[in-house]
C-alpha cells in the first residue's frame, strides 16, 4: 500500500521536522541563560489620547486578601475621580483600571498582559503584592511600561540596574525596621524583645533591620504563614521567652490575631507594629470581627490597641488636623464608596496624588519617556511625611518612617519625628528641610 | 482539530482488508501510534494557524489551555481510565513546577528539553512513591489519601523557605524565541508553541496507551476489579502504572506552567486547583481525552468571558468579581443535569442525532 506508506512517511517527516526545529532552538542555549535585549522604546504614548490617559493596576478584589487590600484601589479611584472632576491632568482624564488578580501570581500575569496588550495602558500604578508583582516586573520592564509605585515594601523594587522602569513607593521593610529597632533600643533599653513576622521577604527584610539594633536583646523569633490563621503557638512562645517588647512585622489580620491571643493568655507586651499591619482603623474593624461570639465580645478595640507603637510615613485618619488627612477624608466622603475611610485607603490615595503630580510635571506632550523624566526630576513634597527617592539610581520611594502611639481614647500621639535611613547599615538621620506642600499648593491636577 | 479522531480507540479494525481501500479505511489501517502522531501534527498546525491570526494575549491563554489540557488528560487516564479518584493532582503539578524552577535557577545551562525530561522523571518518581503507597486503597479512601498530598505539599515550600522561597515562591526567566525567528514569532507565541508541541506529543502517547493493551486492562479494572484479576490482569501493578503516568503528565504540565508564567508559588497549587481540575474534567466529560480539552478550555475561558460579561453589564463590584466563580458552578450543574457524560458526551449525542437524520 504505497499511499499508506507515504502517509506514514509524512507522519514521521512531520514529527521529525518539528522535533528537529525545537531541538535546534533549545539545545544550544540553556533554558535559564538570558541575554540582555535592547531596551524598549519609551518615546511612545499608548493609552494616551488628547483627553484621556489609561493606567492600570492589579489588586486582590476577590479572595482572602481582598478584605484588607480592596481599600487601596478604592482610595486611588476616589482621588482620580476627584482629579478628573477638576479637569484632569493637562487636559486629560485619568482612566484608572484596577483588575482583579485575587492575589494569585498566575492571575496577575494574565491580567497584566490583558492591561498591557488589550487595554494598552500607559503605565502601571500601584500593582499590589510581593509574590504577585514579582511575576510581572520583568515583563513590564521588557515591554517598556513604566511600573510606578508597586504596593509592597520589598527591596526588589529598588533595583535600577535590572528594572529601570520600576519606581518603589513604600518605605522598604529594612528601612522601617531599622528605625523601629533604634526606637526600641533607645526607649526600652535592656528589655527583652521578641519578633513576630510573616515568613516571607517581610520577615527576612525586617529582621535584617531590627537586628542591627536589637540583636542582643532578642529572646524569641516567631514566624507565621499567611495561610495558617492561628497564632497561639507563637504567642505562647513569646510569652514563655519573656518578651517585654514584641515587634510585629505582620499584615493587619495577624496583628489583630496576635493581640487577641496575647490578651487571652494574659500576656501584655509592648507592641511595635509596622506600617503594613499598623492601620489602626482596619485593626479596629478586625478586632471587632474577631471578638464577636467570644468571651471578649464587647471589649472596645482600643483596649487591645492601647499603647501600641506604629511606624508609618503617610497622613493618618487619626490625625484630622493634618491638611492632607483632612483632604483625603473629604475626597473620600464625596467620591469614595460607602465604606469608612481607613489608612489603607489613604495609602492608595497618596499613590494616586503623587502619580497625578508626576503626570502633571510630564507636561502636555505625554510620552513614557516624559513620565520617566518627570519622576526622575520631581521635587516631592508630600502627602507623605518623609522625603521620597525616585532619581539617581535610587528608586526606593519613602525614605523613612515616624512613630506614633495609640491611646485608649482612639487618638494617636506622635512620639518620634520622621527619620530616614538606607536599607544597608547606614546611619539613621533626622529629616531636615523637608517642606510638605498643602493639597492646594501641590500641582497634581488642572 | 477534527483530524485527531484517531485519539479515540476505534471499536474494531477488521474491515481493513477490503480490496479497494477508501480513505477512511486507509486511515484506519494505519497503526494507532501513527494515527495519533498524525493527528497531533495536524492539531499543532491548527494551533500555529490560530496563533498566526491572534495576538500575544491569546498566545498566553492558549499556552494556559495547553498545559491545563495536559494535566487534565493525565487525570482523565487515571479517573476515567482506571477508575481511581485522585484529589491530589495539583500536587504533582506543583512538583513539576518547582522542579522546573529549581533547574532553571541552579542549572541554567541545561536546555529546556532536558529540563522537561527531568521534570517528567521527578514527577514519575513521586508518582511511584505515592502510587505504590496507595495502590491498595480505592474509592473515597484513595481520594482521601491524595487529598492529604494536595493539602500538605504546599506546606513544604514554607518549611524549606531558603530552597523554595516560602510563600513568595520562585521567579525564573527563561529564553524566549530563538534568534532566527526574531520578528516573526513573539516570545509569548513561541512559548505557546513549545507548550503545545510538548502537550500534543504527550497526548499522542496517552491516546496510544489508552487505546492499547494497558488502556484495556485499566478499563477492565475500572469496571470490575475481581473480574479483571481473574482474567489474569495484574491489578495492583496496572493501577500503580496508571497513577505514575497521570503523575508524570501532571508534573510535566506543572513544568510547562512554570516555563510559561516564569513564577511558581505555593498558593497557585492549593487544594482548590486539584478540585478545579477534577470538577472541570467532569464538566468536559470523564470518559474521553476530548473531555480534557473541553475542560481546559472551560477553566481558562469561562473565567475570561465571565469577567468580560460582568464588565459589559456594569454590575456592582462585589457581584462582578464573583461572577466567574458562580458561572463555573452554574455551567457545571447545568451540563451534568442535561449531559451526564459532560460536554464531550453531549457533543457526541448531538453528532449521533445529526448523523441519524
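Each Cβ is built from the backbone N, Cα and C atoms, and glycine gets one as well.
Under the heading region 'Disordered', TrEMBL lists B:1-24.
Feature annotation from TrEMBL assigns transmembrane segment to B:36-53 (among others).
Marked as transmembrane segment by TrEMBL: B:59-79 (among others).
Marked as transmembrane segment by TrEMBL: B:91-110 (among others). Residues 71, 116, 118-119, 122-123, 126-127, 146, 149-150, 153-154, 157, 163-164, 169-170, 172-174, 246-247, 250-259, 264, 266, 268-269, 273-274 of the same chain, all 6+ positions outside the transmembrane segment (B:91-110), place their C-beta atoms under 8 angstroms from a C-beta of that stretch.
Feature annotation from TrEMBL assigns transmembrane segment to B:116-134 (among others).
Here the transmembrane segment (B:141-160) has Cβ contacts under 8 Å with residues 84-91, 94-95, 98, 130, 133-134, 166-167, 169, 265-267, 269-271, 273-274 of the same chain, all six or more residues outside its ends. Per TrEMBL, the feature transmembrane segment maps to B:141-160 (among others).
Residues or ranges marked as transmembrane segment in TrEMBL: B:190-209 (among others).
Per TrEMBL, the feature transmembrane segment maps to B:240-260 (among others). Long-range contacts of the transmembrane segment (B:240-260) within the same chain: residues 60, 63-64, 66-68, 70-71, 73-75, 77-78, 81-82, 84, 86, 89-90, 92-101, 104, 112, 115-116, 119-120, 122-124, 126-128, 130-132, 134-135, 172, 174, 191-192, 194-195, 198-199, 202, 206, 209, 214, 218, 269, each at least 6 residues beyond the stretch ends and with a Cβ under 8 Å from a Cβ of the stretch.
Among residues of the same chain six or more beyond the transmembrane segment (B:272-302), those with a C-beta under 8 A of the stretch's C-beta atoms are 7-8, 61, 64-66, 68-69, 71-73, 75-77, 79-80, 85-91, 93, 146-147, 150, 203, 206-207, 210, 324, 327-328, 331-332, 335-336, 341-346. The annotation transmembrane segment is assigned in TrEMBL to B:272-302 (among others).
The list of residues near the transmembrane segment (B:323-342) in space but at least 6 beyond its ends in sequence, with Cβ under 8 angstroms from a Cβ of it, reads 279, 281-287, 291, 294, 298, 302-303, 306-307, 309-310, 315, 348-349. The transmembrane segment annotation in TrEMBL covers B:323-342 (among others).
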